[in-house]
Amino acid sequence: MGQLPFAEEDSPNKRRKELGPRAKSDIPVNPSSDSPRRWYSRRSLVTLALLGGILALAGLGCDANAHQSILSSTPWTLDGVGGPVAREQLLLFNVLLWTMVIVFVLVEGALLYAAIRFRRKPGDPLPPQTHGHTPLEIAWTIVPTILILGLGVWSVIVLFKLEPGEAIALARAEGREPLRVEAVGHQWWWEFRYEDPIPGSADDALVTTANEMRVPVNTPVIMELKSDDVIHSFWIPKLAGKQDVVPTKTNSMWFLAEETGMYYGQCAEFCGTAHAQMKFRVHVLEEADYNAWVDGFAEPVELSAEASRGQLVFLGDGQCVTCHTVGASDTVNPATGEGVQHGRMQTYIAYTKWLDKRAHERLEDVRTGNEPPTAFAAPNLTDFGCRTTLGAGLLDRNRESLRQWIRDPDGIKPGNRMSELAAIYQTRLDHRADLTETQLGDLVEYLSAQGPDICLR
Ligand code: HEC
Ligand SMILES: [Cu+2]
């Protein structure tokens, strides 16, 4: 580069002329102050303090122990995570973040220091002109290169560890197989399907549930993620990071929970009206409890007189069975003598194919502008007695909230597909269920009685 175009020291008059007419009146920089050359004003200090205060307040909301927190109380402890996948992700996140914070503070600090300390004062002579500093330039090329290469390579290694292959390797090292669970995103709830709920056992009963999945502790779990409609994102912050759930495609991820307990999950990709109400829970159980849930899953349950009447409403006037499934395939509808489980959901393979086909058809429909197909999936209610929530994590489940939900789902979760599509909500002007209070009460009894012993007792 040639010489920098530094001009000779200008006379104040000459400079004013160059600045043009607006600068002609000589406004003092800071009339109230003795030293007119401060680089900050009182107002900028107040603004800064306010911003800092707001940030600090927002920071108070961060808590490593909050339900869906992905933070640890300090960068080095990594507490607040529930298993190895989240730990790996949190460690990488913390190291990347703090490395960048340190680099930022050093670079910006040096910049600010130089700008303030060596700023030009009136009457200062032209400073000595320098052109480069070889050792410095080599240093600030090599250090960032090493940093970025190191962090990049480590990120790629972590990415590989997040692949399901790692879960398979981990399980096989202990002479077993990982548990595979298919999660299907629907607007606005989650379906969980277990093709082989107890890996390695000959008993292969299909388990299908919704919004609350159960897994055994210390077992690698591979999630196979599918969507029924739009793009969702599957996220259990304390167990594993997000993965997109994309129509016509199966994505996968895995996690392992080290302790029993409940973990909170959330759809993490805007997917329409009730996106914020598309939560789910992961119950991590002792292996024996998990097996009891699986074994008892589709066992027929004893129904009280009220609950039996409720079953008739479920299958008849309520038309709930057009969308919902309750019970094993050998549960018989007393009205028709037919199995209660729908034909379309009878086998896993058939259902998966149906789902894929439907997703493709929907894409076609979007392209051609056709009406969407009429078949609708709904939460499987077979283990409804195990649910702690209603409406995808929206309400605590109890008899009162269930009654409210059946009476007026739209009043609780605006936009949900049940009120939009079920016939009983289309006949009254206020869009509430066209059922009597007795029918509602019977339905509540019927649904509350569903579930394996381990949940009902
Ligand atoms: C048109 C299909 C359809 C019909 C008919 C229907 N539902 Fe639903 N139901 C749904 C859908 C879809 C959801 C999920 C709503 C959401 O959370 O966004 C749902 C959710 C529910 C839930 C909450 C499940 C959970 O785990 O959160 C219950 C309970 C329920 N329905 C009961 C009933 C009853 C009782 C009837 C009959 C009176 C009925 N449904 C009729 C589609 C239907
Ligand atoms: Cu979603």
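The backbone N, Cα and C atoms fix where each Cβ goes, and this holds for glycine too.
Heads up, TrEMBL stuff is auto-annotated, nobody curated it.
Residues or ranges marked as region 'Disordered' by TrEMBL: 1-37.
Below 8 angstroms of C-beta separation, residues 79-81, 86, 89-90, 93, 237-238, 241, 264, 266 of the same chain, each at least six residues beyond the ends of the transmembrane segment (45-70), sit close to that stretch. If you look up TrEMBL, you'll see 45-70 (among others) marked as transmembrane segment.
TrEMBL lists 70-166 with the feature domain 'Cytochrome oxidase subunit II transmembrane region profile'.
Taken from TrEMBL, the feature transmembrane segment applies to 90-116 (among others). Using a Cβ-Cβ cut-off under 8 Å and counting only residues 6 or more beyond its ends in the same chain, the transmembrane segment (90-116) has close neighbours at 39, 70-72, 75-76, 78, 80-81, 144, 147, 151, 154-155, 158.
For the transmembrane segment (137-160), the list of distant contacts is 88-89, 92, 95-96, 99, 103, 166: same-chain residues at least six beyond its ends, Cβ to Cβ under 8 Å. Residues or ranges marked as transmembrane segment by TrEMBL: 137-160 (among others).
The domain 'Cytochrome c' annotation in TrEMBL covers 305-451.
Per-residue pLDDT, averaged along the domain 'Cytochrome c' (305-451), amounts to 76 for this model.
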